[in-house]
Amino acid sequence: MVSESHHEALAAPPVTTVATVLPSNATEPASPGEGKEDAFSKLKEKFMNELHKIPLPPWALIAIAIVAVLLVLTCCFCICKKCLFKKKNKKKGKEKGGKNAINMKDVKDLGKTMKDQDDDAETGLTDGEEKEEPKEEEKLGKLQYSLDYDFQNNQLLVGIIQAAELPALDMGGTSDPYVKVFLLPDKKKKFETKVHRKTLNPVFNEQFTFKVPYSELGGKTLVMAVYDFDRFSKHDIIGEFKVPMNTVDFGHVTEEWRDLQSAEKEEQEKLGDICFSLRYVPTAGKLTVVILEAKNLKKMDVGGLSDPYVKIHLMQNGKRLKKKKTTIKKNTLNPYYNESFSFEVPFEQIQKVQVVVTVLDYDKIGKNDAIGKVFVGYNSTGAELRHWSDMLANPRRPIAQWHTLQVEEEVDAMLAVKK
């Protein structure tokens, strides 16, 4: 029996048995959520272990954490702001697109516009002229003045009262205004107000008198020009206006405001400018004149240049007391001299003398022609009077100033009148 069963067992085919062998420590497969939590906890434990190894106090770690949080918040804020800015740009683009989009109404109005342009062409108007019309003129301020006539003495009385809203021509945002008053067409007698420093609303309250017969007054024009004073360069004109005398009713006193207008270009030929200094020592009775330089002199020679030199006359009551002159500078319109001349003038006489400065062009063959002339001292006006007054107010100190040369005949006429 045993042998038979043994033979059957050997003859039968082997039975394959599949057995699943699990490791001893294996558990059931975990869900995805539980796996993530385990991974996070492991990372946390690892991070905390590394953190404990850093040799820093707790407060430092807290500060680092706060800074990190602030950096993250700042980055988020910047990103949000950039996104909002892009949205706004898109909206603007849409609005522009809407404005630029062709409207059927605009197309219908196109014919009318073309018709209007044709009408303008017939009337001679151009687009440039149409654009210039709405432009406002530059505001130069205004001036209040008064006019009256003294029939008994044949005198025109001009009052310069005040100015307002003048433009600022100086660096500090102000101006140093004064007013010139003269009659056209002669322009021989000019008056100037005092300079008011650093103001755009000066109050003058000055009156000037012109000796003019009433029969001749109708053919004259009164000019009032406001200037900005500058010691070391040419004075800038702010604005002016003209009053034809034949339009004024002299039956009563005229007092009114007038807006200043842009000044017309000077028709008179420019003769140039000269710079000289004045110094007076009262105790010694010594007046020193230093001729420094001249510029932009009138061309007197054929070659377009000049040979300028300067004469200085000390005068009193129309008489020449002393005469000096500089060296001649050849072939130049901008000569530099820096030559000093002294005059003895007692203190009691300094208010009565005049210093007349004349620039001449030297000529070997003919007469030396005068280029221009200016005088300071007794009865001088404007910039010349201010220069003289500054010298007297600052004894022993040289005071330099530029002066505009005037026509010789006009200066001689002023010297003759003001004896």
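Numbering starts at 1 and runs along the chain as displayed.
Cβ coordinates are placed from backbone N, Cα and C, and glycine is handled just like the others.
DSSP assigns ASP236 (Ca(2+) 3 binding site) to a strand in the three-state reduction. The number of other CB atoms found within 10 A of the CB of ASP236 (Ca(2+) 3 binding site), across every protein chain shown, is 13. The feature Ca(2+) 3 binding site is assigned by Swiss-Prot to ASP230, SER233, LYS234, ASP236, with sequence analysis given as support.
The domain 'C2 1' annotation in Swiss-Prot covers 139-258.
Look at Swiss-Prot and you will find ASN25 tagged as N-linked glycosylation site, backed by sequence analysis.
Residues annotated as phosphothreonine in Swiss-Prot, with similarity to another entry given as evidence: THR126.
Here Swiss-Prot flags 108-139 as region 'Disordered'.
Marked as region 'Phospholipid binding' by Swiss-Prot on the basis of similarity to another entry: 133-379.
Feature annotation from Swiss-Prot assigns transmembrane segment to 58-80; the stated evidence is sequence analysis.
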Sequence-distant neighbours of ASP230 (Ca(2+) 3 binding site) in its chain (C-beta under 8 A, six or more apart): ASP176, ASP236
Overall pLDDT of the domain 'C2 1' (139-258), taken as the mean: 90
Helix-strand-coil residue split for the domain 'C2 1' (139-258), DSSP-based: 7 helix, 61 strand, 52 coil
